[in-house]
Every structure is written in structure tokens, then in C-alpha cells.
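I have placed the structure first, in the form of C-alpha cells, so that the comments after it can refer back to it.
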């Protein structure tokens, strides 16, 4: 089922028993985090806090707190269906030439559907039903969460940031956390390689000293939100991809103060600029690692205008030691990644990002090994093929007889098929998440690959061990006798 906007999604969740309305007053300061954390760990519903303490605007939390709700937001009926979305993205990322006329005709509907999902620009939009400008702008009217005791200030977490570099037709969508530092100012914490930061850098080079337009959408429809965190090919805009997920074109509206286009059905829009050179120290904040991060300087976003729907809903989350929403998103999007990786590396049988590895810091790959050194090729491919994995610190590669999602299997493979010196690959001076305080230099560190595959001639001179396999006939006989044995 597809959802036109966030409210449509809320209704759909409520009909399925996947959303709970909270009538008891709960504070955005620490209390919502506690409630959402307990609910997420219990695999509970999305939460709509209708009476946040001190505010008139309800808060939506734990929206993507289960993989099943992530799948619903992407228009799928089950998590397993996300593999089909991954296959579509794999095809769009590297479309193969048709093998003949019949093949060309079979692929034509896919391209026609992609072309037909170009965003639709509208003149009037519900996200601009109410307009607040100038001195009336006050972020303090929004129930922005203060998530952890050591957090320095309230933090906008689910803001969909819209930017466009100079001479670019395509807008960039990214989700960057934003520290509130005044009634109309937040710190835009984007890393140097992210799309928003690249757009800003190019703008400063081409338009020195000129303010850089930015917009932030809060409470967009689920397909647009999830499109911003999915590995969409560079040839496809996030808005068009959201249209494919939703089954109809994404409606956009031009901002009141710039040429940026924002989701027309979003709940709240922040419009404004970044003045080149205006920076501020950001943090500390508790983040998805389970620790407070160090303080660092990032650009300041000045909010010149807030537009919103009548009676808006504020969409929020928290990040902390897994499990949290980013970890759950990682579990669901894992199914999207598998076909994309298999398109480039057909020998891969499964790919798994353990949620306890902070969503992306460790990957386990199983493969059909075909030659000596094959595992190392796959390791390097994982690190380089998708930008989502440039911060993955550990890649474990093993054979397809191992269940990548079962640590009992994985640890057995590591301890029996690896020699630490021969089978460990170390790569130094590579990009690392700025939030990773374990790296010796901020943003720069090392990576480790573990080859836990059976070794081939050329990789070892010794006779390799054979896996013990039970006798099937004996297993069947004991199955038949088991109840008579009275053991359980």
C-alpha cells in the first residue's frame, strides 16, 4: 500500500494496530526518549504524543521502530519484498543493454515508469497553509526533543535537508542533525562528503560571500523520507524514487524565499540561508554509537521563514546505542543492499549489517568462492562500490555454508578458517565517520577485512579440514525413534 503523506501513513498504521496515541502529557526533554526506547526494544508501535508538555504541536516518534514499518513506508507488504526494490535499484544503477528485441520490450515498461515518476510542481501546497516570517520565527514553538542528559541543546533529528549546487538541475536530499542555538538558528551538521556539504562548498566557490539557500522539511511522506536514506543511483532523483515507491509522482512546491522545491505535503518547512563563514561549535550529543561525540564546528543555518500545515505534526527520533531507529532502518535497508551488491558481485549469496554494529560499521558477507584471493576482492568491492559503506570498519567474508545472520556460525568460521596474519587485511588512512572517536584522527582511520573462507591451493600448503556432516539415514532413524527415548 502507498501513502500520500505522513497523515495517510499514520492512519494506515493505526488501522493495523501499529500506532498508539499517547494522551498522557510527556515532555520532549528526556521523557520521550525513555518512552520511545522502551517501546522500540519491545518491538512496539509508532507513538503519537498528542499532549507534549509545554507545546501544542503533537510529536510522532518511533515511526520506523520495526523493519516491518520501514517496509510499509516503502510501499512493501513485507521486509522480504524490499529485495525487489533492491533489484530495481540495481537495474537502474547499471542497466544492461537488451539482449534482443524481446528483452528490449520487456525492459521498456521499467524505463517508462521511471520517466513518468518525475516530480510534479504545484502552486498551492498544504505545507504553506501557515507562514511565519521575520521576527515571528521562533523554533522554540516546536516540540524539539532534548534526547539525553548530556546533550547540549534540543536537536532536530528527522529534518530532510534540501540543497542545490550551482548550475545543478537536481536537488540533493539529506538527513543531517541540527542543533538549536537560537530562536532562528541551528547548526547544520553535515560531513564533508555528503551531498549538502558538497553543494555548499561549490556554491561558496562560485558565489563567494553570498548566502546559500537551504530548506528543511519535517514530516514528509514516508517514501520521500526513506528515499533520502536509500542508495538511489545518481541518475535518479530521490523525489522520483519516492514516486516509484509511492506509485504516484512526488508533489513539490517552490519555497517562498528561494527556488528550492520542497515536498508539498510535508508538515513543517524551515526556509533560510547559510551565510558563508558563519560557524558554531556543535555538540556534544549522544549518538548512534551509544556515546557522546566530541565538539566540532559546522555551518549555521539561519531560519528566515517557517511554513506549515494547519495543526502540524512534528516528526522526531533519538539516536543511541543499538537498537535505535537508525539500527532498525539498517536492518530493513539491508534487504535493499543485497541485490545491488549481487549485481556487481554475483558470487555474493548474502550480506548482513549487524544492528549491534551501529548500522554500518561491520558487514558480514557470504559468497561462493571461486579462486584464491577471491575474498579479498569482495572486501575491497564492499568498501568501494556503494558510498553507504565507505565508513564500514570491519568486513567479514566467509563461505556460503555459513549463515551471515547467525553469530554462532560466523564466529565458528572466523576461529576455524582464519590465520590472523595471513587472512587479515588492514587498510590505513581511509575515510571514517567523524563520530568514531576510536580513530586516531577525526574522519581518518583504518579498516579491517577478515577472510574466513576455506583456503584454496595457493593460499595454504596444508591439507584443509573437511566439515563434519551427519549421516542422513541415521538422522532420519533417530527422528523416528525420538519420542520413544523419553529425553524431552
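Each Cβ is built from the backbone N, Cα and C atoms, and glycine gets one as well.
Copied over from Swiss-Prot, here are the features:
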- 172, 238: Mn(2+) binding site (BINDING)
- 175, 176, 177, 189, 190, 191, 194, 195: prenylated FMN binding site (BINDING)
- 287: active site, proton donor (ACT_SITE)
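Annotated features taken from Swiss-Prot, shown on the structure.
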{"residue": "172", "record": "Mn(2+) binding site", "DSSP class": "strand"}
{"residue": "177", "record": "prenylated FMN binding site", "DSSP class": "coil"}
{"residue": "189", "record": "prenylated FMN binding site", "DSSP class": "coil"}
{"residue": "195", "record": "prenylated FMN binding site", "DSSP class": "helix"}
{"residue": "238", "record": "Mn(2+) binding site", "DSSP class": "helix"}
{"residue": "287", "record": "active site, proton donor", "DSSP class": "coil"}
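Surrounding the centroid of the Cβ atoms of 175, 176, 177, 189, 190, 191, 194, 195, where the record places prenylated FMN, the chain contributes additional residues within 8 Å, namely 161, 174, 188, 196, 197.
Checked against residue 172 (Mn(2+) binding site), the binding-site residues 190, 191, 194, 195 differ in C-alpha distance, with 195 being the nearest. Among the recorded positions listed (175, 177, 189, 191, 287), 175 has its Cα nearest to the Cα of residue 238 (Mn(2+) binding site). Between the candidate binding-site residues, 175, 191, the densest Cβ environment within 10 Å is the one around 175. Here the Cα atom of residue 177 (prenylated FMN binding site) is found 10 Å from that of residue 287 (active site, proton donor). Long-range C-beta contacts of residue 189 (prenylated FMN binding site), restricted to its own chain and to partners at least six residues apart, with a cutoff below 8 Å, comprise 176, 177, 178, 179, 282, 298. Across the residues annotated as binding prenylated FMN (175, 176, 177, 189, 190, 191, 194, 195), the widest Cα-Cα separation comes to 14 Å.
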